[in-house]
């Protein structure tokens, strides 16, 4: 019996199969390495081109036609105002919608439509939201063009489905025994949700919100549609002033012919990536610190 | 200005009402069971009655006020100076409105400056009327609610009913957004198709959007081809093998520690803004692709190429494909894998012959979602793919996509209702329908696939 297995032919076949195994494994490792290498090259290129441009003047200045005096503060302030509007609209609406769908919605056709529509909205290309913003907020409602108000409203519509989906998951993760206990001592259903379920689900909801906001912060295409590409040399004073946002500033500078703007663009990208990294860091911290495994 | 003051006043009244009602309810408390609702709920009940009707009235007044102001100014003797032609009159008035809002604004028409002053006065007077109206309504609502604060009054039930209404309203926003997208796209597309035939649009081979008088062509096939070539072919050639093999390695071979480190780093690729990818594509990848094309013997290749955009887009999609493949491989029962290994198959044989075929429906669905994401991607193609609408299979040629054209058509100076601008909405509608269909089919497939192994 052992002879069959130890024959030279069998050994050769086995060696071939093991070689194939090693090859397959190497291909897997290689594809990860290639992906990560691409990331490394991208980050390195931006760092190499941009690190020299990161000065205090650059961080505190506003857009200018001269590469050496242009700065990002105007765009950063525009981004902050836009994000403020987005957060103020999408967070309450997203959380309330998540509560309704998870805790109170009757199981009927209407609720199903709401769910389908939320899931689809999460996958609609961002430029379509820009078209919606242009058609409704600007051409129909005549809100001020290229303002953080309209930009924030457009991005809020885009961010809300993300918050609803993560909010529902967080609420679903709260065990039913919490609800039963609250109801058993006489709390009304609304009290149960707002006093007990929501506080326990909040870390999860916040994590989802931050991730949604990070995505909105990096978004350019929908804002192009509503005209946030104006040349703005002074930081916006309020949410109805014309303004630019950080990704839009990157896009505008990338079009400039003056080679001095290569440094500016890369430096602005570093600023944007630092913001995103910080937001994601906070999200991960929140998740690790407050997440409870029931 | 007035708006802020009125809103602040309403809000302040609401807070005062909340405290007043709560202290009144507290005085009613005489022992266990003497009050139906906690004092705080009485506070909320009164505050809601104060704020909600007043806010609705103020918003309604804001909506009708410009019309009232305009009627009033046309009734004044100064209106005789206005030009009689409707269009000129509208131009003067809109400039006067701008001046009334912002005295520093530039005015081209001296008549507008004359109108700005009375317009501002009228506007001030009417917003005062509206503000007083809103405040009176707030008082009336608050007083009515305040008289109802009694020991047996079910303030909690009433307040909770309002909360439930708010919850329902919030969930309706999602459906309203969907309806808004569909209606606005359909409406503008309808306007477009009333000028250009849909058959020409969907089957025409030539795209040069200009004004109709200059002989514009709205054949969108080259755009569809460019979109599919970049997003569904080149990007997928990059993303599918790399994403799939990354998922295989991470789930089947990597040690738990390596997996814990590598996976989040891979996910960073999905978190980088697309404008950064676009810049990287234009700055680094596109020149490399051009040099490569030159080496291959093409003379004078363009800097912008379908290949550069598609490559970078593919890398962006890798984490997406990888996590979808990860999920569907995790859904395959462990017993199938164990069975194959027990028969003496090596791990790679198990993966190739058992795991991947079993996970195939889920992976296909993931790829469909990835395609829908790639064809909707805008910034990379705007910055790296070029503007030339052409039907070509040459990856080094510059090529344009649906999203690129939408951006081109809608940025810069635009007049609404020209077919050039409207065609962007028709393109948007096509994009919306395709991504929607891809998503719905993919989610169906995933659902059925999950059920098969449950």
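From the backbone N, Cα and C atoms, a Cβ is placed for every residue, glycine too.
The structure displayed is predicted, hence computed values, not measured ones.
Between the stretches A:26-47, A:48-69, TrEMBL puts its transmembrane segment entry on A:26-47. Sequence-distant neighbours of the transmembrane segment (A:192-214) (same chain, 6+ residues past either end, Cβ-Cβ under 8 Å): 83, 86-87, 90-91, 94-95, 98-99, 103, 159, 162-163, 165-167, 169-171, 173-174, 178-179, 181-183, 276, 279-280, 282-283, 286-287, 289-292.
Residues 111, 114-115, 118, 148-149, 151-153, 155-157, 159-165, 167-168, 170-171, 193, 198, 205, 209, 212-213, 216-217, 223, 236, 238-239, 243, 245 of the same chain sit 6 or more residues outside the transmembrane segment (A:80-101) yet have a Cβ under 8 Å from a Cβ within it. Outside the transmembrane segment (A:149-171) by six or more residues, the chain places 81-86, 88-91, 93-95, 97-99, 101-103, 118-119, 121-122, 126, 129-130, 132-133, 137-138, 143, 197-198, 201-205, 207-209, 211-213, 215-216, 219, 222-223, 225-226, 228, 239-240, 243, 245 with a CB less than 8 A from a CB of the stretch.
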